[in-house]
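Colleague: Quick one: structure below, then a few questions.
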Amino acid sequence: MEQLIPLVNQLQDLVYNTIGSDFLDLPSIVVVGSQSCGKSSVLENIVGKDFLPRGTGIVTRRPLILQLINLKRKTKNNHDEESTSDNNSEETSAAGETGSLEGIEEDSDEIEDYAEFLHIPDTKFTDMNKVRAEIENETLRVAGANKGINKLPINLKIYSTRVLNLTLIDLPGLTKIPVGDQPTDIEAQTRSLIMEYISRPNSIILAVSPANFDIVNSEGLKLARSVDPKGKRTIGVLTKLDLMDQGTNAMDILSGRVYPLKLGFVATVNRSQSDIVSHKSMRDALQSERSFFEHHPAYRTIKDRCGTPYLAKTLSNLLVSHIRERLPDIKARLSTLISQTQQQLNNYGDFKLSDQSQRGIILLQAMNRFANTFIASIDGNSSNIPTKELSGGARLYSIFNNVFTTALNSIDPLQNLSTVDIRTAILNSTGSRATLFLSEMAFDILVKPQLNLLAAPCHQCVELVYEELMKICHYSGDSDISHFPKLQTALVETVSDLLRENLTPTYSFVESLIAIQSAYINTNHPDFLGVQGAMAVVLSRKEQNRLMLSQENDEPISSALDTVKPDGIELYSSDPDTSVKSITNKATNEITTLKSDDSAKMQPLDVLASKRYNNAFSTETAERKTFLSYVFGANNATRKAMSIDKSSSYPLNDSLSGGDTNHKNNHPLKMTDLSNEVETMALEDMSEREEVEVDLIKELITSYFNLTRKIIIDQVPKVIMHLLVNASKDAIQNRLVSKLYREDFFDTLLIEDENVKSEREKCERLLSVYNQANKIISTVF
């Protein structure tokens, strides 16, 4: 197991040199403590070299990963004596390590010590003053000159015959008050950096505390307790024991009675400031430390467990044991990282774009996946079906059966069509003649504009389906296609062009459907209500209204249909078994009689005008023969009388000849007055016959509109599916191949996105690092 620490060193070099952070949480010993507590002196004593920067205020401003590597040494007998980094026996290692720290024999051929920095790996430093200068320069380069700190570590390796294999991480000392141009939050920055390292489960905390201060105020122990409350991975170091007050000692602390730690405390005596100024050598400093513990009355009994050599040996053994304990977990974590990174790399795709034939295959596969995804989304066979909202073909179904149907059903068949409009159309369709029957021309004139109301929802339905297909097109690319932005854009544009091409005939066909319905009004359609059905509805409604009115007025209820002509023919019977059809049949037999009645009632215009002026209501009542006469044509005098209703007091011949005949108000009749009478003729209060005509037209329009609406609701989705949706599905594959599969397009379309390319290369680097780390661990585990 002697190679465990070098193994961790290799892993540290690997991860910091490639990734820049310890993603494996490698076992390490982290040195923490307050500013000027003696951390630097402890490290220099362990190394046996004076190499760390010194000064006032905060000096260590970046983490220093210090890797101590023991070099083999040769004796005069030319025997290779292996360094005692990780011996199987603690007794053997103790003797060897003590010798390593205290120097070598005078008769040995000393090997020159040297240092290396990870950021300049090809440079060896044999002068420790230059090492100190490089640490200062590198700190200044990254952390700046304002005494601020930086999390990027400095990796330093020291090769020496006087050291044990050991790795330590020196962190900035915790300071309370910023001095000079230090940031005002320097304490928070330092604390955050320290917590980042000591909170890792695989780190051993080396808490340095000065013995000449109360241990309960130790910042290092306070920080350690915050992450290791039971003290299982904290080892305490007491410095400056030689500076304690006379008559006092630290035996209670060293024995664990004051502040118990599982790993215990180790006492050290470092060089004082005067020793540093006088350039006291490390060998002399270690000799003075050993002499102090041997002759001190309180510490002489535990001298074997005090001093820098014992601390180095303890830390080395502790680190080896910690590595051995954590190595299986590290290997398992590494295996997980390799698997995850490999999966992530697979998601980015392993494209061999250098091979021209492979480029063609990649392009064809991308087009096939795009087309298949587009079709599957419409058919509902997509592998990624969302559960939170409708998508693909389900949205098309919703458009047809919810949006489109609701829009059509919400249209009023008589929208924008007033009673005056209907009456005017009826009058205009009859021309200058009186009407005998209900005008079919008026029905045609009125119903065609109403059918055109169906066009707008149909057009909107086509547009909505087109928009949904465009959305499906934009979401049809998979992760592999997204790696090539230009290819994805070309695929979307090609399919968009196809959809636009299919949109035009679809739009035209839907317009033709509306035009077809307006081109021929099929009143013989079996679902059309017809005149008889419309008459039944109108009469039924009038009867219901009459009954309701009679009940409100408490009048005797007698059927309004019990009307008998003067000749004794009963047209309307109160018998409920009498149908509208029988009534109509009776009415057709009377048409000849009605015509003769009309002839008999023809009178000169002036007489009619006089009669209407003198007794309009009695005349109107007298002219009513039967209710059917209002539908199939009464006497012609009714229409003629209405045409001169407003001007009945003016003899027409006198008015036109400029006579002096005046109205009862003595206003002369003018041509403009006659014109106004003609324009407002349709606005007059309608007779009962005219009301029936209007109601019949309304019922017929409503019936035919509903009939046409059902046809449109059924046919428009079929047209859209055939000409737009299915046509696009059938043609998408051939269109993509014919437009994009060209060798001169390969270089243009298969250009990877820079971000994707960068991420894939990063994954490849990570995977390489993980595999190398796994290979390193496999050498010993």
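Each residue, glycine too, has its Cβ placed from N, Cα and C.
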Colleague: Can you dig out which of the ranges 109-112, 269-272, 525-528 Swiss-Prot describes as region 'G5 motif'?
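Modeller: Here Swiss-Prot associates region 'G5 motif' with the stretch 269-272.
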Colleague: Match it up for me: which of 170-173, 198-201, 306-309, 322-325 does Swiss-Prot list as region 'G3 motif'?
Modeller: 170-173
Colleague: Rank the binding-site residues G33, S36, L174, L241 by how many other Cβ atoms lie within 10 Å of each Cβ and give me the one with the fewest.
Modeller: S36
Colleague: What is the total of other Cβ atoms whose distance to the Cβ of L171 (GTP binding site) is within 10 Å?
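Modeller: There are 24 such Cβ atoms around L171 (GTP binding site).
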Colleague: When the pLDDT values for the region 'G4 motif' (239-242) are averaged, what is the result?
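Modeller: Computed over the region 'G4 motif' (239-242), the mean pLDDT is 90 on the 0 to 100 scale.
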Colleague: Six or more residues out from either end of the region 'G3 motif' (170-173), which same-chain residues have a Cβ under 8 Å from its Cβ atoms?
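Modeller: For the region 'G3 motif' (170-173), the list is 30-37, 39-40, 43, 52, 58-64, 66, 149, 190, 193-194, 197.
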Colleague: I'd like the number of other C-beta atoms within 10 A of the C-beta of K39 (GTP binding site), please.
Modeller: 28
